[in-house]
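The structure appears right after this line, and notes come after that.
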Amino acid sequence: MLCIADKTFDSHLFTGTGKFASPQLMVSAIRESGSQLVTLAMKRVDLRNHNDAILAPLLEAGVTLLPNTSGAKTAEEAIFAAHLAREALGTSWLKLEIHPDARWLMPDPIETLKAAELLVKQGFTVLPYCGADPVLCKRLEEVGCAAVMPLGAPIGSNQGLETRAMLEIIIEQATIPVVVDAGIGVPSHAAQALEMGADAVLVNTAIAVADDPVMMARAFRLAVEAGALARQSGPGSRRAQAQASSPLTGFLEAYS
C-alpha cells in the first residue's frame with residue numbers, strides 16, 4: 001500500500017502515456033501493468049475535450065491522472081500550465097517538470113524549487129521531477145511537495161539506475177515518498193529501485209517502445225511486486241567474505 005497526500009495506491013508502478021503506437025495499445029498496456037497513477041503530458045492532449053483520443057480512454061479506465069508540465073522551460077510557464085490542467089481536469093495533482101534543454105531534458109533545479117514552493121501555496125499536490133540531488137530533494141520536501149521524483153538516468157535513455165548512490169541517500173533521508181523516474185529500461189531496474197527502498201517507479205519509454213508493450217507492462221508489474229516484497233522481507237546484509245550455509249566438517253567426524 002502506497003500513500004501520497006490524500007490518495008492510496010495498491011500498485012507501486014506508475015506509468016506514462018507517451019510513445020505508444022496507438023491509444024488502444026496504451027490503455028491495454030496500462031491495464032496490464034496494474035498501474036493506478038498515470039502521467040499525462042498536457043501538451044499532447046486537448047484538455048478541454050474529454051473525447052480526446054488519449055484522454056477519453058484514460059478517463060474510462062478509471063486511473064488517477066497526473067498531468068505534467070513537460071515542455072515548460074521556466075517556473076512561470078509551469079505554473080501557468082498547472083492552472084490550465086486544474087481547471088480542465090478538476091485535479092490539483094501535478095507532476096512538475098521544467099527542463100529548458102530539449103536535448104538532454106535535465107530538470108532545472110532552481111526553477112523547479114521556485115515553482116514547487118509557489119504551487120504548494122496555491123493548493124497543488126506537487127510531485128516534482130528532479131535530479132538525483134539529495135539536497136534539492138530535501139528542499140522540495142521542506143516546501144511541501146507530496147513526493148519527490150528523482151531521475152535514475154536521462155529521460156528515455158533506458159540506462160537504468162545510473163544515479164544509484166545518490167538515490168540511496170535521497171531514500172534514506174526522505175520522510176515523503178520517493179518515486180524513481182526516468183531512465184528505467186528493463187524490469188530488473190524497477191525491481192532494484194524497490195529493493196533499495198524507493199516507494200514507486202515511473203515507467204514510460206521502456207514499456208511503450210517494447211516489441212510487445214502489453215507483455216512488457218506485465219513484466220514490470222511483476223518486477224515491482226517482487227522488488228517491494230524483497231524489501232519488506234528484510235534481505236540479508238552483504239559480506240566481503242564467504243559464509244557457509246551449512247557445516248563444512250561435521251560429516252567428517254565419523255570418518256576420522
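Cβ atoms here come from the backbone N, Cα and C positions, even for glycine.
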(request) Among GLY156, GLY234, GLY236, find me the residue Swiss-Prot lists at the same 1-deoxy-D-xylulose 5-phosphate site as ALA182, GLY183, ASN204, THR205. (result) GLY156
(message) List the residues in the vicinity of the 1-deoxy-D-xylulose 5-phosphate site, defined as same-chain residues other than GLY156, ALA182, GLY183, ASN204, THR205 with C-beta within 8 angstroms of the site's C-beta centre.
(response) GLY16, ALA153, PRO154, ILE155, SER157, ASN158, ASP181, ILE184, GLY185, VAL203, ALA206
(message) Fewest other C-beta atoms within 10 angstroms of its own C-beta: which of the binding-site residues ASN204, THR205 fits that?
(response) THR205
(request) Could you tally the C-beta atoms, other than its own, that fall within 10 angstroms of the C-beta of GLY156 (1-deoxy-D-xylulose 5-phosphate binding site)? (result) 17
(request) Find, among the recorded positions listed as LYS95, ALA182, GLY183, the one whose Cβ has the highest number of other Cβ atoms within 10 Å in the structure shown. (result) ALA182
(message) Measuring Cα to Cα, how far is GLY156 (1-deoxy-D-xylulose 5-phosphate binding site) from LYS95 (active site, schiff-base intermediate with DXP) in Å?
(response) 17
